[in-house]
Each structure stands twice: as C-alpha cells, then as structure tokens.
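Listed in TrEMBL for this protein:
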ACT_SITE  95  active site, electrophile
ACT_SITE  167  active site, proton acceptor
BINDING   9, 10, 11, 173, 213, 234, 235  substrate binding site
Ligand code: PEP
C-alpha cells in the first residue's frame, strides 16, 4: 500500500511567533487515526524551531527549497547538510513559484534532486502544466517532459525517496481546482509514464500528491481517487482548522 501524505507548504508566511501558534494549534487538531503522514514546510528560519516543537508528534518538517551544491560561495543559499543538521529530512523541489520567479529549470532541478537523494533526503518533486498547455491539449506532454528531464536518470532504488506532487499551475492559489476526474486522469498518466520508464514496482509504490486549491470541502473527493495519494496544500495549510480537516480526510 502506498504512503498517503498531506503536506503543507507555508511559503513565505509566518514569523517565529506565528509559527509557534500555528504548530501548537495543529498539534491539538490531528486525529491519531488519520491514515496520512503529515508534513509541514515552514520557512528556513523556523525549521529548527518547528523540528523541536514537533519532536513529540508524528508530523515531519520539510524545507521549501535547497541549493544544488554541497557548500561554498553561494551567498544567501541553504545546503542539504544545513537542513539535515537541523533535523530536516524532506525537501520540496520544483515548486511552480521557484520555476516561475527564480528561473528554476528541469536541468537545475535534476541537480537539486541528485544532491538531496545523495544525502538520503526525501524529495517532494513538484511539476505541472500552465493554463495554456491545458487549453491547447499539451498538458500530458509538458508533464511527461518535466518528469523525464529531472528524474528519468535516477535508478530504481532512488524512487524510494521520491514523492511526486502534480500541481497544475492554473490551480495554485487561484481557487480553481482540477476536478477529481482531471486529477485522476493526470495521476494515472503519471503513474503509467513512470511505469514505462522504470517498472511497475516503482510506479505502484510512488506516492503522487495533488496540489492546487485543495480545501476541506474538496479534499475527500480528490483523495478518494485511486491514483491520488494525498495533497500538497498551500493557502489552506496556514489555517490550522482547514489543514487538519484536509489531513483528516483520509
Ligand atoms: C501550492 O502552492 O503548492 C498550492 C497547492 O497552493 P494552494 O493550495 O494555495 O493552491
């Protein structure tokens, strides 16, 4: 059975005090019975604090990005070793905002993924088409090439530490959600693409999350689809009530 995951990407929100409030509210709201693994991704400055605060509960901490190099003269950047040294073993890579605003390409992301995996990090790899791609019917090709360019040189074993997050750009932060059927159609395509490139053992075990305006009102229906193994949540992750309700939708 594949791991179900609900991950909250806090983006550039919540200072230290606010992080404390959100974490303590979250801790009280999760049902022990939720089938999903819960992950939160606060900003870099609050990662260690979040790790310490969550030591006693089953909620993991993820970083929202990392640099591809091990160390060196890269002012303002964060390395994989720095993340690991503060207890962070999960990193989100390839988020559409990183691609759009910070020029992250598939080739750069391939490097980042390789560095993260070399250090036994779990990578939540984000990808997804833009609205024009969907309108022109090119969305399957775009998704396939994003996967191929960044992940297809991995060996089969590496997939134990990869989580995929399909996030159609047109659905992120827009209130527009892919329908459960659209999500399932793309997730099934992704799984088949991975199966063809590697093997079915790999494709059947990889968790594929959906991201894009997931809310308590639509989570259950989306998560019920057979190839949707959870969600990557943006806006709703900042509200403890909503995030807990989404996480408890399994
Ligand atoms: C995201 O940014 O990864 C995301 C899914 O955002 P939202 O849930 O706000 O659409």
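Glycine residues also receive a Cβ, built from the backbone N, Cα and C atoms like all the rest.
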Check: For residue 9 (substrate binding site), what is the secondary structure state per DSSP, taken as helix, strand or coil?
Finding: strand
Margin query: With the cut-off set at 10 Å between Cβ atoms, which of these recorded positions ends up with the most neighbours? Options: 11, 167, 213, 235.
Written below: 167
Next item on the list: May I ask for the distance between residue 235 (substrate binding site) and residue 167 (active site, proton acceptor), taken between their Cα atoms and rounded to an integer number of Å?
Entry: 14
Notebook entry, point to check: Including all protein chains displayed, how many Cβ atoms other than that of residue 9 (substrate binding site) lie within 10 Å of its Cβ?
Noted result: 26
Note to self: Does any of 9, 10, 213, 234 have a Cβ within less than 6 Å of an atom of ligand 1? These are the binding-site residues; tell me which, or none.
What the structure shows: 9, 213, 234
Next item on the list: To the nearest whole angstrom, state the Cα distance for the pair residue 234 (substrate binding site) and residue 167 (active site, proton acceptor).
Entry: 11
Next item on the list: Compile a sequence-ordered list of residues in the same chain as residue 10 (substrate binding site), six or more apart from it, whose Cβ lies below 8 A from its Cβ; state 'none' when nothing qualifies.
Entry: 22, 40, 41, 42, 43, 64, 237, 238
Check: Near residue 173 (substrate binding site), which residues of its own chain have a C-beta under 8 A away, given they sit six or more steps off in sequence?
Finding: 213, 234, 235
Item checked: Cβ-Cβ distance under 8 Å to residue 95 (active site, electrophile), same chain, at least six residues away -> 9, 64, 65, 126, 167
